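Working notes, beginning with the structure itself.
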Amino acid sequence: MSNEAKCPFNHTAGSGTTNQDWWPKRLRLELLSQHSAKTNPLDPDFDYAKAFNSLDLAAVKQDLAKLMTDSQDWWPADFGHYGPLFIRMAWHSAGTYRVGDGRGGAGRGQQRFAPLNSWPDNVSLDKARRLLWPIKKKYGNKISWADLFILTGNVALETMGFKTFGFGGGREDTWEPDQDVYWGDEKTWLGGDLRYGKNEAQPVADKAGHGKEHGRTDGGRNLENPLAAVQMGLIYVNPEGPDGNPDPQASAHDIRETFARMAMNDEETVALIAGGHTFGKTHGAGPADNVGPEPEAAELENQGLGWKNSFGTGKGSDTITSGLEVTWTSTPTKWSNNFFWNLFGYEWELTKSPAGAHQWIPKHGAGAGSVPDAHDPSKRHVPSMLTSDIALRVDPAYEKIARRFFENPDEFADAFARAWFKLTHRDMGPRVRYLGPEVPAEDLIWQDPIPKVNHPLVDDQDVAALKQKVLASGLSVSELVSTAWASASTFRGSDKRGGANGARIRLAPQKDWAVNQPEQLAKVLKVLEGIQADFNGKQSGGKKVSLADLIVLAGCAAIEQAAGQAGHKVTVPFTAGRMDASQEQTDVASFAPLEPVHDGFRNFLKSRYDVPAEHLLIDRAQLLTLTAPEMTVLIGGLRVLDVHTDKEKHGVFTDRPGVLTNDFFRNLIDMGTEWKPSSPARESFTGHDRKTGKQKWTASRVDLVFGSNSQLRALSEVYASDDAQDKFVRDFIAAWTKVMNLDRFDLK
């Protein structure tokens, strides 16, 4: 026997006990380096917008329309039409979005990857994606998977007689699973005990509807934020009822909370459920124990397909997906009002599917023979409903809307078209990001509209003059930088909302957020508005400076002054072109979830949380699309610029506040300082001179983690070095400029 045979490889790179195994509460800095160029197979200069705009979208749609009725033997189409399957694919791609943190949604094509590709609620969607491959192959990189999923859903609707509201492209694919999305703590599929077992305080929607988009609603179940789905591996609610209990009224409570957390009101919710369930069927031909492992657990020879079904033929009439066997309407491949006709036209009783799942059929055998079979023309069935469908009849608010839609089919069609468009585009950000010839002309309030630039912009000479005015206004460096940061740092890379453009910091609700220090904010805005009015009043030819631009420019001017006082003559990049939104263009309830209830960059915590502040900082930095070095240099710069929200001035490790130095890092890692907790919860600390015992500094957990965590300390050492001052200033300005321009999609 050879030596090679005697000494086989038992382990490979990355195997063995990991740091995460040893220290499960470690700071996950890798969340700040996701989706890097190293994972992207496309050329560095690939421009997706340019590629998509070169696409013949009509030709793509024509090919998709042909696919709808091109039934394949390996996965036959129900009723001879793949439309319902593709609607479900698009719906489930977009439906993971939640307004609480903006994560999830269709924007990255994440349905291709774990865990979503293997969620119990996504059974058989692996087949839908394989059916699409010939079209993706044909058009290649001109259309992303993310865009193709949603476009296919639209074409599915259109080929079944429905007029959609429009389509916007622009979703760029990623090439690895998202690691930052919190799907829940449950360790078993369809588990829901932990997301309802946490007693955190959450806002309850008031009568005006404020809070409905991200808080809990009445019903006694306290769903953990930011989750929207009721169970691990579901997109929305359990169709059988809460935890499988077939109680339509209780189901209505879950529906209202879940859809609200997806930014949908009651009318949009009814339209989406009824509109989606106008088409197709569910699948529960036999017991679930006939279904094999999900794609991520399947054998190599299955080539990424999962849920191999041993019941009968394993496909067609023998398909098992949800375990429910429901066909809602008599025309499952045609747009109609038949869902409501059946919902209100029959009295319903509980039954079970062949797989043993709870579902509903008309009482006394009514409706027999009115529903076609999906694969055998000689067979007919009774209509059937899910518990979550019956909820639309028993809940008073839903019932009122549903009857109105039943009696006004054109209104229903319009409501569904708009709700479907919102569902599939909610995570794309402002309308300026949409691509293609089918983008609707109408501005919608949930798109956070901002007026287009309609006047000449300030030039370099104007910028210099405005900087002088700002610096002579009596406002401090801290006040100017704080205001600019507050305006820009609402941005979320998850759903592309927030940011400095629009100057919504002067409007409700942002002007009243605790993190923005409303009194100081009002003072700064009053001065800046005066400078704006004076400048605009003296211009000819319609030239103006928006308040949105002036807020950012003022922050840049303050940083230049702070760097100058440290001996560095710098120019902070500034590009005009922001506009000011109005209060009428700002949905207060919709913006409420953007409130930073924690912001480590300003040492702010609205209340105490179970999650340590340093972990919340990583969450905030990830939403701001920052890398670990960018986060680090921003913290160090903002601290010495005296940007904070606490009276204790935690983390201001300098005797020259307002001057852009690397003092934060030098003093943090100085071994002459000994740190001690100053609160029982170890949320604040004091730094003492090791020799004299004299107190030198105070700090938060966020401050000290840059000296405690090994990776962050390594970064801090770079900026604390004697030769690092120039680099620190350069890197801070670069990271600052990035944040100020995160929502400047016109520059990208």
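Just so it is clear, glycine is given a Cβ too, placed from its N, Cα and C backbone atoms.
Over in Swiss-Prot, the protein carries these features:
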SITE      Arg88  site 'Transition state stabilizer'
ACT_SITE  His92  active site, proton acceptor
REGION    201-223  region 'Disordered'
COMPBIAS  207-221  compositional bias 'Basic and acidic residues'
BINDING   His277  heme b binding site
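Sequence features, as recorded in Swiss-Prot, placed on the structure.
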residue : record                             : Cβ contacts under 8 Å, 6 or more apart
Arg88   : site 'Transition state stabilizer' : Leu125, Ala128, Gly276, Gly280
His92   : active site, proton acceptor       : Gln111, Asp121, Asn122, Leu125, Ile235
His277  : heme b binding site                : Trp328, Thr329, Phe339, Leu386, Asp389
